[in-house]
């Protein structure tokens with residue numbers, strides 16, 4: 001293969017590439033002693049090091065370090081006001097969630113704090129969290145609303161997300177989660193709140209270009225199937241993709257409903273059954289595992305991993321970063337947890353934070369793979385093997401982070 005190189009191209013030389021490309025017949029799509037050629041914001045070519053002659057363009061010798069696609073976190077609640085650490089302490093001291101809620105705690109505490117926070121306050125706190133994700137190699141992240149629960153404050157949250165996307169070297173997928181829970185003012189009339197979402201919040205914020213998918217908490221303590229379907233029908237009228245928090249605490253059938261609307265993903269899924277798994281297999285919907293919430297809530301029922309494998313359902317892994325049930329801004333830790341708690345293999349976990357996570361956000365195949373034509377979003381690690389990245393926690397093996405072809409975190413010297 002002959003490549004005509006330009007002076008502005010960049011060659012990342014002598015690498016171990018975990019491409020995650022299904023066309024590469026090896027675990028992790030691993031290629032040893034290969035060069036990665038970047039032109040502008042995309043990968044131009046991947047070739048054996050010996051096959052590519054040095055030209056006048058920039059050459060960066062990574063000295064057999066591991067290069068992977070940039071990590072993708074496909075489920076976070078990154079923007080919120082307040083802090084729930086005191087509530088966690090109270091729970092650890094024996095107070096029940098019902099008692100905390102009666103005192104104004106729980107999700108309503110976050111809603112109140114978020115409503116009381118200014119744009120600037122929310123931007124500052126969210127920026128600190130986002131910086132932590134980027135420092136671990138995340139190049140694409142999903143961020144949900146869901147702590148405003150009225151038009152004004154859901155718009156405020158999504159405007160903060162938009163601001164973060166405009167001022168950081170990371171791709172952000174914004175999701176409308178107005179159907180997170182009923183706000184206090186609609187506590188006894190959830191159908192009326194769903195009216196507000198479907199008739200006002202969703203269409204107005206969609207027309208302002210503030211989100212790209214709709215999510216819902218479909219659960220016995222959230223919204224029922226009929227209410228969830230009303231939301232999906234409203235989204236369908238605007239051709240908006242849907243996804244759902246489903247089967248976390250009980251089996252309600254939410255996964256099958258998401259699949260019926262060809263949803264992007266079903267998330268949590270501890271109580272998913274075989275009928276639900278089969279529906280996901282037919283629709284191509286991604287199963288997103290959230291081990292941080294499983295750990296923090298001390299759950300005991302794991303998602304049906306063997307069934308997902310049996311029916312070839314793509315599995316993604318995410319942090320579910322949020323203040324109440326998963327306050328962990330580390331996708332590497334979620335990867336470790338997914339292996340230890342759920343029994344995923346390291347390769348399944350890597351697929352879950354690259355190719356399958358990209359699919360869960362409607363971004364395959366230009367994200368989550370190292371291949372010609374994909375975006376040049378990748379990470380150089382001080383490591384030899386993919387499993388090294390999340391085996392040992394407590395220090396960060398990231399050497400260089402590249403977003404759209406540009407180094408954003410680096411300790412490599414050009415050679």
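Using N, Cα and C of the backbone, Cβ positions are placed for all residues, glycine too.
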**Request:** Determine which of 7, 320, 377, 382 appears in Swiss-Prot for the same Fe(3+) site as 75, 77, 245.
**Result:** 320
**Asked** Hey, Swiss-Prot has N-formimidoyl-L-glutamate bound by 322, 324. Any idea which of 147, 186, 193, 391 it lists too?
**Response** 147
**Complete:** From candidates 119, 180, 282, 356, Swiss-Prot puts in the same 4-imidazolone-5-propanoate site as 84, 147, 248, 325 the residue 180
**Prompt:** Which of the binding-site residues 84, 322, 325 has its Cα nearest to the Cα of residue 77 (Fe(3+) binding site)?
**Reply:** 322
**Proximal but sequence-remote residues of the same chain as residue 320 (Fe(3+) binding site) (Cβ under 8 Å, at least 6 apart)** = 75, 76, 77, 267, 290, 292, 293, 326, 334
**Request:** Could you round the CA separation between residue 325 (4-imidazolone-5-propanoate binding site) and residue 245 (Fe(3+) binding site) to a whole angstrom and send it over?
**Result:** 13
**Message:** Restricting to the binding-site residues 84, 147, 180, 322, 324, which ones have a CA within 10 Å of the CA of residue 245 (Fe(3+) binding site)?
**Reply:** 180
**Item:** Env. residues of Zn(2+) site, Cβ within 8 Å of mean position of 75, 77, 245, 320 Cβ
**Value:** 76, 144, 267, 268, 290, 293, 318, 321, 322, 326
